[in-house]
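Novice: I grabbed these lines from Swiss-Prot:
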- GLY30, ARG31, ASN32, GLY33, PHE34, GLY35, LYS36, THR37: ATP binding site (BINDING)
Amino acid sequence: MYIRDLDVRDFRSWPELTLRLKPGITLFVGRNGFGKTNIVEAIGYTAHLSSHRVAHDAPLVRQGAHNARISATAVNQGRELTAHLLIKPHAANQAQINRTRLKSPRELLGVVKTVLFSPEDLSLVRGEPAARRQYLDDIIASRTPRLAGVKADYDKVLKQRNALLKSASPSLRRGYSDSDGASALATLDVWDTQLSSLGAQVIQARLALVDELRELIPAAYAGLAPESRPAAIDYKSTVDISDREVIEAMMLTELATKRQREIERGISLVGPHRDDLVLNLGTSPAKGFASHGETWSYAISLRLAEFNLLRQDGTDPILILDDVFAELDAKRREKLVRLAAGAEQVLITAAVDEDLPGNLQPIERFTVTVRDTDEGRISEIAPYTAGGDEDD
């Protein structure tokens, strides 16, 4: 798979951007803050409907604009599809495939597939469980878009259930002693049923994915850090997952067991939103025990496994390397260069030439600069000219 055409309007620092891209390696070089990452962020957004840098869409819309637009034409084994996205910071986003308006942007999932390496990946190892859950859920959504809808529905039910636990806390505490308490408990029962049904599907999908990653991640890590302790992964849940066929029933049982604690605390304590992808080195958790180099190796291993898994499904995802070479030693750089050499399309950003491995063989190269205008600083792009000064 590769992106042939990219058209962006009012996305971050780009009032407009039109690019014709080719298979192979494309470089975007420019100083930090000039907007090169915004280009690959736009492509990544079409793949995941979210940014790897921010949690909400508002920062994606250029200051002073009402919305942002992204159009990306993906070519996959000779078949062309154009994904169109209208990003609205204060309303529901809209999406099209070619000329067909979609009911939900989620219907775009799978049209563009990317695997992105970035400095933010360190949070997969060092950060909170939410980052690791998102890692799993993004892969699941890319491979099985229907399950993205299940996860979205779960999040909605979870939000409603938490709102009930907080707003109706006095009634819930009184229980069946009065009509308000009985009504609140009946409503909570409804949310429990929905949460368990949807949550079981999310957990089962994650467990199936972890089973596939269980060999891929340690193998990738061993290739990067052969002298380190062996890597191992597992899935930790708030629910007994020993019998996958009865996860829904186990969720209901656990919700009943913890109901009083949930009422007291005003939050939902059971479900996949509390789970974690456990990353170990030897017998120790990687978080807190891995060195800086081991942390980078583990983060890269997670992305390598993701890339290989999507490739096994029959499609080479677009490989995005966003400002990562500057952070890596020679061995890890070489591993990524070998991966890049075998991918159908690779998009690389770097601040300066010195950050790039010498054995990269780009097909195209662009220089990203900025210009100050009455509406603020905007990004501009031009094909690289040998001998030019990229800092001008």
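All residue numbers here begin at 1 and follow the chain in the order shown.
Note that Cβ sites are derived from N, Cα and C of the backbone, with glycine treated the same way.
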Novice: For GLY33 (ATP binding site), which DSSP three-state class applies?
Specialist: coil
Novice: For PHE34 (ATP binding site), write down the residues of its own chain that are at least 6 apart in sequence and whose Cβ falls under 8 Å from its Cβ; none is a fine answer.
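Specialist: Those within reach of PHE34 (ATP binding site), by Cβ under 8 Å and sequence separation of 6 or more, are SER13, VAL368, THR369, VAL370, SER379.
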Novice: Specify all same-chain residues, apart from the site residues GLY30, ARG31, ASN32, GLY33, PHE34, GLY35, LYS36, THR37, whose Cβ lies within 8 angstroms of the center of the Cβ atoms of the ATP site, ordered by sequence.
Specialist: THR349, ALA351, VAL368, VAL370, SER379
Novice: Using a 10 Å radius around its CB, how many other CB atoms surround ARG31 (ATP binding site)?
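Specialist: Result for ARG31 (ATP binding site): 14 neighbouring Cβ atoms inside 10 Å.
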Novice: Within 10 Å of its Cβ, which one of these binding-site residues (ASN32, THR37) has the largest number of other Cβ atoms?
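Specialist: For the binding-site residues ASN32, THR37, the Cβ with the most other Cβ atoms within 10 Å is THR37.
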Novice: By the count of other Cβ atoms within 10 Å, pick out the sparsest of the binding-site residues GLY30, GLY33, GLY35.
Specialist: GLY33
